[in-house]
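Reviewing the structure listed below.
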Amino acid sequence: MDIATGPESLERCFPRGQTDCAKMLDGIKMEEHALRPGPATLGVLLGSDCPHPAVCEGCQRPISDRFLMRVNESSWHEECLQCAACQQALTTSCYFRDRKLYCKQDYQQLFAAKCSGCMEKIAPTEFVMRALECVYHLGCFCCCVCERQLRKGDEFVLKEGQLLCKGDYEKEKDLLSSVSPDESDSVKSEDEDGDMKPAKGQGSQSKGSGDDGKDPRRPKRPRTILTTQQRRAFKASFEVSSKPCRKVRETLAAETGLSVRVVQVWFQNQRAKMKKLARRHQQQQEQQNSQRLGQEVLSSRMEGMMASYTPLAPPQQQIVAMEQSPYGSSDPFQQGLTPPQMPGDHMNPYGNDSIFHDIDSDTSLTSLSDCFLGSSDVGSLQARVGNPIDRLYSMQSSYFAS
């Protein structure tokens, strides 16, 4: 952080190498130089003794004017010496910061320090108290809990931009250590603890069993029980602002009859609770989205697998129709029975006459009708064969007669 140097006195003078007679006028040193007539030396003629012209700090050009301005051991043109904010010419004093010049009014408006307690500007003539990078008025440098003004040599803690004296900081540390931020309320209400109040013995036993691994010399931590009205007031204020200012906390403490520190701790725990709930809700949303995405991917894969196979035709019930035929139309000897010998020649049971035409004979077939039996031949064949049942009876009688 640059520290402004100023106000700087302005010097108005002539270039070097000339005789002068000086006088002070309103803080400006005015020097008037007159050239002394006389013969020029050899060094002046050769240029080795000629002084180098001064360079303006504002425009970085050499100054060839009769007069120049001197500020903070740097040279300026008269027209270049002006405020960087309001462009007004600087005549008596100025403020220098970041290689720029400012008048007093603009410098105080732009770069004046502000009190970290009341956020008001600090005048250059005021005494201040510093804590790290924060600057305070003397009256604003006090504890935010007990409002006791801190003096030189007092021990204090700067936490989240707020000043705490040593005593209040130790109380806050003990109170925060006694409260778990994972609970819904660090200070419970009476209606929530209604079921637990009659079991005092069980509560003391459970508390003792929970503290078995801890230091027994440590004193019991204080515990505050809130009523329903107090919780409602805190929640209503929390809905308006999760980080109330000190005045709001003091008002709540006065309305509920609690200390300001208890109110502050409740708001801290409530903020931690809301952050935890938001984090848990976000995790649930991410888990649901991942499950939904997995189901969609699985269903799409199943559809792709099913689409690669052709659908099978539905099974058709084949009904075999059993044709009922008369006994005479079927072979009576299909069941493996040995047919009895027919009377006469068993090789030619139907006689010696040929039923079919002899295809291998010399006579050729003149037409397709020659290959089939004529109607007369069919009738003679049926007369020759007769009824199969009658033939069966005749065969049986001939068998037993022999």
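Positions of Cβ are set from backbone N, Cα and C atoms, glycine also.
Feature DNA-binding region, per Swiss-Prot, maps to range 219-278 of the set 159-218, 219-278, 339-398.
Confidence in the DNA-binding region (219-278), given as mean pLDDT, stands at 85.
According to DSSP, the domain 'LIM zinc-binding 1' (56-106) comprises 3 helix, 19 strand, 29 coil. Across the DNA-binding region (219-278), DSSP helix (H, G, I), strand (E, B) and coil residues number 43 helix, 1 strand, 16 coil.
According to DSSP, the secondary structure content of the domain 'LIM zinc-binding 2' (115-168) in residues is 3 helix, 19 strand, 32 coil.
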